[in-house]
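**Student:** Annotation source TrEMBL lists domain 'VWFA' at 12-187. The annotation domain 'Fibronectin type-III' is assigned in TrEMBL to 192-283, 285-373, 376-466.
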Amino acid sequence: GPQPSVSNSEGDLLFLLDSSGSVSYYEFSRVKEFMWDLVQPFTFGPKDVQASIIHISTTPTMEFPFDRYQSSRSLQQAIRDTRQLMGDTNTGKALSYAKEKLFSGEAGARPDVPKVLVWVTDGFSTDDISEPMQLLKDMGVTVFIVSTGRGNYLELSAAASQPPEKHLHFVDVDDLTIITKELRDSILDVIQANRLHAVDITSSSFRLVWPKLLSQETGYYTLEYAPVDDLARKRTNQVSGAHTSFMLSNLAPETAYEVALIPESNVHYFPPQTTRVTTLAEEISPAQVFISESGPHSFHVSWAPTLDSVVSYQVLYGPLPGNSVKLLEVGGERNGTMVENLAANTTYLVTVTAIYRSGKERSLSAKACTQEEGSKVRHLRFEDMGPNTLKASWDSADGNVLGYRVRCRRQTGPSSVISVSPQIHSVLLTDLPAGTTNKVCVKPMYKNQAGKGLCRMVHMQPATEAQGYKHRQRA
């Protein structure tokens, strides 16, 4: 969904995108979606954030320079239009090329602004990365690495900026959304470090953060702030020179504030810093209702946000269709509860109602489906059927299975999905190159939803090991 706009940031953001043949088309498209989502809230322009993409391939290629796209919308469209180049995974060459472009005025890069490199990789490279990566970090570039494959942890943790727990992420390509906010916040820590900016913004408060300019002995700060549409209501606070943050509270919701930080130093002159911050709309709960941990006879319902102004929550649930409704009472400090003793393979309507201290109520509903009894594939097995071919077979799942869906995510080449009837418990998987590791998942399909899938990684023998292979005859 839409993200709150992020402004008051300045930096050159470079994506190092693995565009080689070691990445499948599916994986490449998922990484583009991840990049699109990551940049969505940023403000772009010559005094804000600029972004560029360099492809990792046989020869490194710049998709577009830093200064070409000056709005989030145009940049996101450019990311969507980016096409995979294929070729070799020459990451070292791409890093050397990136070092040149990150500091090149011809590429639209700017002097004296923070430089950030985000490298999304499947963990494979055909050339050395250690030396060019170290040169980048020595020049002040902050390096974030997102590994979607089987990358060597020691190698990647040495390549990323320190500490690795903040700059290195290992995540499946289908789960990139899990790290989007964390990575975006880490990037913001870099590109906002030298400017006055706001964090922890709510409907009635925000915290101002600024670089350390003074000390207790050398001066103090004056903070001035007022609503943009009523500057006559300016308020002033004095803050010790030892501080680098200050919380402003009792503010109006959905209001833009003009803020000035004036360092009062008895040693040096520091120019004032200004920023504009807009408070959020007044929070209401529940704004979102989530269903998770669904089983044959239970599911977990949760909601957000949880507010101090809410005394309690009421959870009403009943099967669809039907008039039977049950009620759970939950304390206002909690954000979820388990709903149990339910019928299997049934759709329920769940309504969460917040009871406010003022007596007001607000409700939000969601549908939830319980699973079939024993709705899980068991014992996924593989049999070698000859070069580049495997037979995947499994035991049937319980309940009224309508069919099975088999997904094969290849290390190289496109992913594939095969749907079969409930009587069939095996499929042939072809075009699996020797020496590759592939992920195979089998999931039963029911009337209301899919059952629990079972996944296995399967390795194809390298061609050297398969020499002399003879396919055994079957009776």
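Here the Cβ of each residue, glycine as well, is placed from N, Cα and C on the backbone.
Automatic, uncurated: that is what TrEMBL annotation is.
Buried or exposed, and what's around them? Tell me for each listed feature.
**Tutor:** Along the domain 'Fibronectin type-III' (192-283), the predicted structure has mean pLDDT 88.
For the domain 'Fibronectin type-III' (285-373), residue counts in helix, strand and coil come to 0 helix, 50 strand, 39 coil, using DSSP.
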**Student:** Tally of helix, strand and coil residues over the domain 'Fibronectin type-III' (192-283) according to DSSP?
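**Tutor:** DSSP classes over the domain 'Fibronectin type-III' (192-283) add up to 3 helix, 42 strand, 47 coil.
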